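Q: Encoded as C-alpha cells, here's the structure I'll be asking about.
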Protein chains: 2
Amino acid sequence: MSEDRPLANTATLNVDLGDRSYPIYIGADLLQQPDLLARHIPGEQAVVISNTTVAPLYAETLRSGLAQFKHVELVVLPDGEQYKSLDTLGTIFDALVDKQCDRQTTLIALGGGVIGDITGFAAASYQRGVPFIQIPTTLLSQVDSSVGGKTGVNHPRAKNMIGAFYQPRCVIADIRTLDTLPERELSAGLAEIIKYGLLWDTDFLDWIEANLSKLRARDETALRHAITRSCAIKADIVNQDEREGGLRALLNLGHTFGHAIEAGMGYGKWLHGEAVGAGMCMAANLSHRLEWISASDLHRVETIVAAAGLPIRSPVELPIETLRNLMNSDKKVQSGRLRLVLMHGLGAALITDKVPENLIMETLRATHAGTASELPEPLQFTDSE
Amino acid sequence: MSEDRPLANTATLNVDLGDRSYPIYIGADLLQQPDLLARHIPGEQAVVISNTTVAPLYAETLRSGLAQFKHVELVVLPDGEQYKSLDTLGTIFDALVDKQCDRQTTLIALGGGVIGDITGFAAASYQRGVPFIQIPTTLLSQVDSSVGGKTGVNHPRAKNMIGAFYQPRCVIADIRTLDTLPERELSAGLAEIIKYGLLWDTDFLDWIEANLSKLRARDETALRHAITRSCAIKADIVNQDEREGGLRALLNLGHTFGHAIEAGMGYGKWLHGEAVGAGMCMAANLSHRLEWISASDLHRVETIVAAAGLPIRSPVELPIETLRNLMNSDKKVQSGRLRLVLMHGLGAALITDKVPENLIMETLRATHAGTASELPEPLQFTDSE
C-alpha cells in the first residue's frame, strides 16, 4: 500500500500541531496492515507495551508485522486503573534499561487508556523523550485518551496528577479490536462520545441518540462515524488550545464529579467512562439549578446516559461530604477555587468558578444514588421554579 | 529595587528560548534580596524543595523574604545523589498533593544539582507542569545543572535516564552560598568550569589556569567571572540546540566515562564533578591516541584537573571491563553505537561514533588508577608514535 493512497474504509484525521502534527487512522483490520505502523517507527527498535488482557489477543499480530525491525520487544503490565501508578512506570523503565533501549526506540501503546497514558508518559520521560505510537483498543481510548497528548499516571489521592503533554507519531484505532471489548467498557466509551455531543455539537448528539442501539451492537459503520466525529471534535479543540489555557478545559465536562467518584471508590472500581456518565448527569443537574439548561434538557441528558448503559447517579457507598472534599483535589482547582465545566444549553459548555456552594451541595444530594429518585424523570425541584 | 535597574555587582544573563526565555542572576547576597525571587512567582503559593544539608542554612532566609505570599511550604529531602530517584520524586508528589498544591504553585529548588534536577522534573510533571525556579547553592549546579532545562532522576543502573526538558522562570546563583560548600564539592564544580574551557574557549581555559588558586580560595570576583562565563557558554550552546540535536551533546565532554564511573561505584560515592574530572582526562587520553591533541595538550589537561583537586584516573576498585560495559548504558548510545565527545585540539570538542574498540580499551587501561602512572606525566605510549 502506498504511503499516500487513501485507505479503503479508513478515515484519516490530522491533528495539526506544527512540527508535532500526527495522523489518526480509524478503520477495521488496521492491525493487519503493518505498513501503516512501520512507516511511523523512525529507528530499528520498538517496544510494545500492553497488558495481560490485550497482549494475548493482539500482540503477536502486531509483532509479526514488524519483522523488518531489529528488535521488537514486548512488556506486559497488569490490567487496571489501579496500576496507572508511579510504581508501574518504574517497571517500564526497568524493562527499557534492561533491553538497553536507546533514544531512537519507539514505544507502542497497545491497550486502553491506562496503557496509552502510562506508555505516553514513559515515552515522554525515558531519556527525556523517545518516539511514541498509540494503538488504542477500547472505545474510550479511541475517542478520548489517544488524542491530545495528555499522558500520565495517577497519584493515590488524585487522578492524572503526574504527567506530561507529549504527542504520538500516529494513532491507529482498529475498530475490529472492539469486538473483544466487554459490554461494560463499550458503554464507558459511549460516555465520552455523548460528552462531545453535549459540549460541542447538538447535531452529533441527535445522531448519537438515533444510532445508540447500532453503536451498542458494534455496527462497524456507526462506530467509525462516532469515533471519527469524536476525534475530530477533540482534535479541533486541541488544535486551538494544546496546553489547556481555556477551551480545552471544556473537554472535562462531567470530569470533576467523575474523578471524585473514581478516587472515592478506589481506582478501578468504577470505570472512568461510568464515572463520567454519572458526572455529566451531575453537571447537567447543576446547570439546570443555575437555569442554564431546561428541565427537559436535563431529562434528555439522563435518558441518553442511561440508554448507553451507564450510571446516572453517584454511588450509594460514597458519602456526599467525601465526594465534595475529593472534588477539591481536582486539577481544575485554581488558587483554592473550584472550577466546573457546565452546560449553557445543550451543545455548549463553559467553565465557571462562581457556582454557589449551596447549589453544589444540592446537586450532590439530588444525584446521589442513596437519595435521588431512581429514574431519569424530571426532578422535583423543577416544579418550584 | 526596581525591576529594571541593573543589580550592583550582579551579572544577569538571559537564556533566549522564545517564550520560555529566562534570566540567570549571578552575584553575592542575592538571597537577601527577596524581590528578585518574588517577581518570578506568578501565583500565591510556593513550595521550597531542599535537602537536610542546605535547608538549615538558607531555607529560613528564603521563606521570610516571601512573607507576602499566601503559602510558602518547605519540603526537605535527604541529601545525596542516591536519592535522585523515582522514589524520592514520589515523596515530593505526596507532599504537593497533601498541601493541595494547584497548577499555579511555584516549585523552588534550593540546593545542588540533585535538588535542581529532581525539583525540575517534579515541576515538569506535577499536573503536567507548574512554574519552577532554581536557586543553586553549589558551584557545580551554578555553572551547569541550573542552565539548560535538563531535569530528571537516575535509574538504578543509568544516570539521568528519566526526565524532561523543562525551563525555570529564573535562576538565582548566590555566590555567598558557596562559603559553606565543602572543599571537595568546590573542586567538583571546578571540573565543569574547566570543561567549558576545554570544549569551547581556550582564552577561558588560560584564565582558569591563571586564577585556579583564587577560585579555590573562593574569591568573589573570580567566582563571579567563572560562573558567568560558564553559564554564558552553556546558554550560548543551549540557545542553538535546546533538545540536543548535535551541538549540545558537546557539553557531555568527559561524561560518558564519568557516568560509567558514577554508576559503577554506586551513586554518591564519587561526586559527579570528580567523575567528570577523571572522565575529561580519559577523553583527552583517547583524543591523543587518535592524534587529535598533542602529548603536551594531554599533559595540560591532566595538570589543570589535578590542580583543581580532582582525580585524573578511574577508581582502582572498578574493573576496566565493568567500566566498559557501563559505558554502553549511556544515553549517548544510538542504535547500539557508542558515541563519544572528544577533543580535536583544546577548546574544540566533537562527537564521534567511529572510535576503534581497541583504542577505547587502551585508554581505559592507561587511565585506570590500578595500572596508570600516578602522576600527570606524558604517558609512555607517546614515545612509540
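Quick reminder: no glycine exception, Cβ is built from N, Cα and C everywhere.
A TrEMBL annotation is a machine prediction, not a hand-curated record.
Just so it is clear, the model here is predicted, and its values are computed rather than measured.
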Q: From B:GLU183, B:GLU192, B:GLU209, B:GLU321, grab the residue that TrEMBL records in the same Zn(2+) site as B:HIS255, B:HIS272.
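A: For the Zn(2+) site that includes B:HIS255, B:HIS272, TrEMBL also lists B:GLU192.
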Q: May I ask for the distance between B:ASP79 (NAD(+) binding site) and B:HIS272 (Zn(2+) binding site), taken between their Cα atoms and rounded to an integer number of Å?
A: 14
Q: Which residues, in sequence order, are found in the same chain with Cβ within 8 Å of the centroid defined by the Cβ atoms of B:GLU192, B:HIS255, B:HIS272 at the Zn(2+) site, excluding those residues themselves?
A: B:LEU140, B:ASP144, B:ALA191, B:LYS195, B:GLY254, B:GLY258, B:GLY273, B:ALA275, B:VAL276, B:GLY279
Q: Counting other Cβ atoms within 10 Å, pick out the least crowded of the binding-site residues B:ASP79, B:GLU192.
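A: Counting other Cβ atoms within 10 Å of each of the binding-site residues B:ASP79, B:GLU192 gives the minimum at B:ASP79.
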Q: Got a sec? Which of these binding-site residues, B:GLN82, B:THR138, B:THR177, B:THR180, has the most Cβ atoms within 10 Å?
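A: Its Cβ has the most other Cβ atoms within 10 Å: B:THR138.
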Q: Given a 10 Å Cβ-Cβ cut-off, pick out the one of the binding-site residues B:HIS255, B:HIS272 that has the most other Cβ atoms nearby.
A: B:HIS272
Q: When neighbour density is defined as the number of other C-beta atoms within 10 angstroms of a residue's C-beta, which of the binding-site residues B:GLY113, B:GLY116 has the lowest density?
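A: Comparing Cβ neighbours within 10 Å for the binding-site residues B:GLY113, B:GLY116, B:GLY113 has the fewest.
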Q: Please work out the helix, strand and coil residue numbers for the domain '3-dehydroquinate synthase C-terminal' (B:189-333) from the DSSP assignment.
A: 104 helix, 1 strand, 40 coil
Q: Work out how many Å separate B:HIS272 (Zn(2+) binding site) and B:GLN82 (NAD(+) binding site) at their Cα atoms, rounded off.
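A: Cα of B:HIS272 (Zn(2+) binding site) to Cα of B:GLN82 (NAD(+) binding site) measures 12 Å after rounding.
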Q: Between B:THR177 (NAD(+) binding site) and B:GLU192 (Zn(2+) binding site), find the distance joining the two CA atoms and give it rounded to the nearest Å.
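A: For B:THR177 (NAD(+) binding site) versus B:GLU192 (Zn(2+) binding site), the Cα atoms are 18 Å apart.
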